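J.: Pulled the feature table from Swiss-Prot, pasting it below:
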type	residues	note
ACT_SITE	Asp461	active site, proton acceptor
BINDING	His112, His116, Tyr133, Asp290	Fe cation binding site
BINDING	Tyr133, Val134, Ser135, Gly136, Gly137, Asp165, Gly178, Glu182, Asn262	L-threonylcarbamoyladenylate binding site
BINDING	Ile348, Gly349, Lys350, Gly351, Ala352, Glu353, Ala354, Asp355, Ile356, Lys369	ATP binding site
DOMAIN	342-543	domain 'Protein kinase'
REGION	1-329	region 'Kae1'
Amino acid sequence: MDISKDLICIGFEGTAEKTGVGIINSKGEVLFNKTIIYTPPVQGIHPREAADHHAETFVKLLKEALAVVPLEKIDLVSFSLGPGLGPSLRVTATTARALSLSINKPIIGVNHCISHVEIGKLKTDAVDPLTLYVSGGNTQVLAYTGKKYRVIGETLDIAIGNCLDQFARHCNMPHPGGVYVEKYAKNGNKFIKLPYTVKGMDISLSGLLTAAMKKYDSKERIEDVCHSLQETSFSMLTEITERALAHTNKAEVMLVGGVAANNRLKEMLNVMCAEQNVDFYVPEREFCGDNGAMIAWLGILQYLNGKRMDLNDTKPISNYRSDMVEVNWIPEENNENIKSRIIPEHLIGKGAEADISKGRYLEFESITKERVKKGYRILELDELIRMRRTVKEARFLTAIKELGIYAPSIFDIDKERKKITMSYIHGKIAKEKIEEGNLDFCEDLGKIIGKMHVGGIVHNDLTTSNFIVSDNTFVIDFGLGKYSDLVEDKAIDLIVLKKSIMSIHYDKFDLVWNKIVEGYKTYEMSESVLECMKEVEKRARYL
């Protein structure tokens, strides 16, 4: 094929209950794009029924598409290789293979999640965004670093779309339930406290779902439960996006996926981005949910940059993670022009939770950490979170010293302003030391974490930004900390750290992580925690 000419690609999307066919050219012009959603006769989607729907609907959509763009003009066939439901993926792959063979044109299987990101970039002005991808089967925070889209944060159990749909089914709402939850939520006027679970840049939604169902069963107004479910879950999503933003220092945030159609979620992210002084993008609704055009576009990007497949390579991958894909279509020279998040001059740091300023307390150098109000959260929830975390942080900074772990000294706590003044530590954060190639302290990190875990303390936000290395290594930022003797809580603590290292220090990951594990192994309980860690990583479903 002559790749110097304008290529036309047809894309087949069928990872769950939506069947999509799209045609796009290499200029990024969408020539055809239509999606049909399978609506089950009873609540819940059966994978086999969804696959049967694809088999019938692809034929119909293909006829419509080829009435717009004749078959002889198609140069390339692309399809969603995964992740998704096995039966749906197999029907989609079979359809794409059949067309590819019949017209003797090349075929490319692409990652469904990354397709969302790339069509979003095409349809907005985003260049290098931190992407929140939210749908029925996926909840991820993605960032491009080191020739891969890295999963910076994600759900530890169910996806946000699934959470909303399951709640809607429980309340006898039609499918897809998220639309009806949003509709009811607009008329809610009472906030009901529900579980709010953030662990580093990950979230857990299963406890929230169960609690919301119980509130509905206890005869709370459905409008109030929907309002509270949305406010809680979307605040969690916005918070982990903000945490990832602080960790990666990206200057753009983009929202994609089916749940991106929710106006309240868009509003919350827009407010957060304004507070962080970064740009916010969301593609038009047609390109938020699953569609064939996004599959076709990623197929073109990969093909034009050397990706080739034969039929043996087209077996679907139901657990096809975004970070399994080697990105060959983003030029390295782009990195030189990428913008970074700008920290206000009067601050020495601006995290997801707090503004950090330097000063003096009596004769001592100090820093002040103020948990500022978050405009994206409703007042009741925001006050609760900021107060709880301020008190927690002060408590745990004192508690870890009793375990022989170094931490800043607290000078003053202002509960009204959610502000802590503490000693200034001369040193560098671990993130900077690793970037410089200094890894001598990494084993000490493992020992410190082991000492915390033996003492029954789980940090819940372990990143390389939360250790300060000087003559000794200090641990900071305990706002998410808790007491726990559960092996799984300690395993998740390590997983949070592992993912943060992989996302930023990918080129040094093995060296850094192995040193941390060696240090952690000096404690007796380490073996059971490390084994549990493997089990937790295996059972992650939403990819």
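Just so you know, glycine gets a Cβ as well, placed from its N, Cα and C.
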J.: Consider the binding-site residues His116, Gly178, Asp290 and say which one has the Cα lying nearest the Cα of Ile356 (ATP binding site).
T.: His116
J.: Does DSSP give Gly178 (L-threonylcarbamoyladenylate binding site) helix, strand or coil?
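T.: Helix, per DSSP.
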J.: Can you list the residues of the same chain, besides Ile348, Gly349, Lys350, Gly351, Ala352, Glu353, Ala354, Asp355, Ile356, Lys369, whose Cβ falls within 8 Å of the ATP site's Cβ centroid?
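T.: Near the ATP site, the remaining chain residues are Ala246, Leu347, Glu370.
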J.: Determine, to the nearest whole angstrom, how far the Cα atom of His112 (Fe cation binding site) is from the Cα atom of Gly137 (L-threonylcarbamoyladenylate binding site).
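T.: Approximately 11 Å lies between the Cα of His112 (Fe cation binding site) and that of Gly137 (L-threonylcarbamoyladenylate binding site).
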J.: If the Fe cation site is taken as the center of the Cβ atoms of His112, His116, Tyr133, Asp290, which further residues of that chain fall within 8 Å of it by their Cβ?
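T.: Filtered neighbour residues, in order: Thr15, Cys113, Ser115, Ser135, Asn138, Val256, Gly257, Met294.
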J.: Counting distance between Cα atoms, which of the binding-site residues Tyr133, Ser135, Gly178, Asn262, Asp290 is nearest Lys350 (ATP binding site)?
T.: Tyr133
J.: For His112, Lys350, listed as binding-site residues, tell me which one has the smallest number of other Cβ atoms within 10 Å.
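T.: Counting other Cβ atoms within 10 Å of each of the binding-site residues His112, Lys350 gives the minimum at Lys350.
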J.: Pop the Cα-Cα gap between Gly137 (L-threonylcarbamoyladenylate binding site) and Ile348 (ATP binding site) into the table, whole Å please.
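T.: Ile348 (ATP binding site) and Gly137 (L-threonylcarbamoyladenylate binding site) have their Cα atoms 39 Å apart.
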J.: So what's the average pLDDT for the domain 'Protein kinase' (342-543)?
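T.: So the average pLDDT across the domain 'Protein kinase' (342-543) works out to 95.
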J.: Which one of these recorded positions has the most other Cβ atoms within 10 Å of its own Cβ: Asp290, Asp461?
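T.: Per the Cβ count, the most surrounded site is Asp290.
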J.: Reduced to three states, what secondary structure does DSSP give His116 (Fe cation binding site)?
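T.: Looking at the DSSP assignment, His116 (Fe cation binding site) belongs to a helix.
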J.: Express the distance between the Cα positions of Ala354 (ATP binding site) and Gly137 (L-threonylcarbamoyladenylate binding site) as a whole number of Å.
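T.: If we compare the Cα positions of Ala354 (ATP binding site) and Gly137 (L-threonylcarbamoyladenylate binding site), the gap is 32 Å.
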